[in-house]
């Protein structure tokens, strides 16, 4: 018979913990012992290993007691000792063997315990210890081996790709022991169900045995960062059940507490797992004491300042345990309170979450009747702490407290006062330095609005309506007076008696007891009832007033916060911008007054650069927001009502908009049109609104319809082409003459028939644009609208758009505009002619056939009315100036067309000329000259010949020829119409006292500026006059126009304007904000487009960042943000800007610091900061005044130079200045 193994569990554990490879196995198989010094060869001896292991398996299968044989036991120990070298199949076989033998032994033990066989129990003790020891060793060996075989498992797990790693492992054929481990853990649970106190009598024996069963479980959990076991639900649940049973039934609580706290401090991946374990122990096994002990130990732990892992792990644990066991955490809040002010911000964040969970728990524990009385005192400490955290020094904590408040908004408990405070704190946080804090503040305010407690008026938050309700309640309270009791007939006598009775009362007498109802008379009962009714009504009114006061204050907080959110629409962080857009969409549903301003401000985001996914995301989100707001009708509406709703919304978008907003809206609607978001039926509704004449319709509705149609036509010109006749009949007919704004927008819409260069929807294929002959109905109407007699200032806008449309649509726009000019000259200088101005030459009547219902001409009396001569001359000068500018553009387009034809001819491609130039003007020279209509209309064959001749020379020759036309022919040609106006305009501008009509002077200045853009010679002659007018004119409109004109001249004739750019910068100090805005916008364009070099005057633009006008501030900041993207522009000019700003005595010190702080923020490169710091530091010893020194020192503080010498110099310099002072 084989010898029995001499097994001492304590000795075995000691040797194993010391070094498993040193455990002696003298009775192991001799064949195996030959490999003891070369264990790596075991991996190739699978057959030998099976031959040695199979008899042991058979023996133990027959009787679990076979493990007590020393040969069997030592052989298994030998295999485990070299588990890293034996094949995986062999190790798995050992695990199955030990686990199944243990399960069999448990069944035997359970039967003997039931039979109360004490002698057998002693033998069972040894067997359980041996199998427990082998199982611990085997599971640890399996875990260590798998961690080595999957060294990269931790990396995918950390990145959230553990599943992918696992599937790859299985595919590659690497051993996965998950199923065997699950079975082993289940068998351990089976052991723990035994009444082990009957077998292990002493506590130390029981703890030792329980340790054999629990330590492999801890090993599995700790090793799961590499193996990923914790993500296996079955293994995690079995592990938790083993530990919970050991704690609940076998006195493992203290050891579990130590193991759990160590896991929290050293294994960050187990934070939430330990919380779930404690939850199972407390809930399913009714042992919350373990959680309490762990929380107490955690709260007493002090972390070093360099330890980042520990606080992070504990924080995750605290957050999770407060969600799972809030009532247990509540009992330990006294201990945990010391973590609230911990130096680690992660622990403070965790305590913020814990406080939030406590409030949620208290709210759920109390019913509706108890909430106000019981819940409030319990919640107050936690809510007080949360409010303090709004001012935490760390931005992550400030953001977290708002995230917690977002959760609290969903509670049934009404926290009216707390909600009001939270709204105020969130509104203040909108100005936080951290983008994350600002974004969460927006979310919190949105959630407070969505969950507000004011249920009247359908939950809407109308400020105006709430004010009316308050005024009404105040009026009712003031009108409410207590009812006076009715006086009896002998009122005077009764009054005297009562006064006598009151006067003769004995001091100290008992007060008169109130009468009981049965003792009262009917009159007394009525008086009492009236008093009660009065008191009741007064109480109700006061309650309502309190309610509406709270509602009004809440609306004010949200409305004021919306102003700050509007500013965040310009934030650099795109996610913050998207959050701000969602905010305005939400509050608009509740009728917050400022929502409309925010929604309009959102429009400018359509220009967000789409180079990155973020930029495209902003544009896409903006379109979705506008679609949800204005293009999604109530599902209950039928199709017709839905189209009406959308059409009405589109029109209202145009109400009260600025030109910039209209431009942005145009881009938005055209993009939506391209994406197919606007239905054809809605377009038909817009046309119906535009053409409606049966009943009175507001002018704004009709204007809005054609504005929107013109915007949509930018993406689809067919919208206007198909309804051209309607435009002529309505917008350019009698309705348009009565409403010149309608005519102007109709002209803009007609321009969409031919998309301008660069605006085609598909740049790859040039659009085939059909130009119209001058006798076409559209051009006839456009010409006629320019010649109407009107003193309305709207006429200038109509004429501008009509002439622009003529140049876009006409084959020969210069011919048609020559006719318009001639007729206008005749009208101005020969006003006695009664004939109605016509818009075309011969053939006009035939062209007008398209316009079916022709408006009858006005009678002679109305046509013969006299126009103000100054206004008539103003209108003439306006046409002259605008035609001059448009003629320049027309010449440039002709030049491009000539070059295109030359390129086509050079590549010998089939000629595919644009219809727009199929019958071009006779020659470029003739285009520039304003000749008579008869001379200008040359034969078509001659036109083609001259074009062919033009296509012959080189491109440089063409460019020179066009430039010569522009320079010499337009304003100095012998037959040019424009040549006659150059001296006239100069004379009017020069003699402003003689021509003292404001409109005339304004239009003359504008005309002069436009003519100066045509010819450099004319520009040079009149530049001094223009600069004088820009300086001395009292009209801000004139100054603004001349600023823009000077910028245009800087583009056209840079050599002439370069010396006079200082005049342009000087307008930044203009007394009128509109002129400053115009100048700043103009300089922004010129500098960013590279048309003007950045000079020392840049400091004047920097001063605009602290202007009193918010629009100027925003524009200046936007300019410097864009300038910072250019090549070191701000870095190159920083010293000059600093010097100018520092020497400016009119600049406030606070404003100086804010400007410098903003500019320094754009210096991002360390080497630039060091260079600038060195240059500024060199100035410190030469500072003439304390102010100058302070400015330099402040600027050095803003630059991230990290130079100890400079820091020391600043410190010493400050002392020197103090001493000299």
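Any Cβ shown, glycine's included, is placed from N, Cα and C.
Looking at 399-439, 440-480, 481-521, 522-562, the range tied to region 'Disordered' in TrEMBL is 481-521. Of the candidate ranges 687-729, 730-772, 773-815, 902-944, TrEMBL annotates residues 902-944 with the feature region 'Disordered'. Check TrEMBL against the ranges 622-656, 832-866, 867-901 and you find region 'Disordered' recorded for 832-866. Per TrEMBL, the listed range annotated as region 'Disordered' is 146-166 (candidates: 104-124, 125-145, 146-166). Averaged across the domain 'Condensin complex subunit 1 C-terminal' (1037-1196), the predicted model reaches a pLDDT of 87. Broken down by DSSP into helix, strand and coil, the region 'Disordered' (1-32) contains 16 helix, 1 strand, 15 coil.
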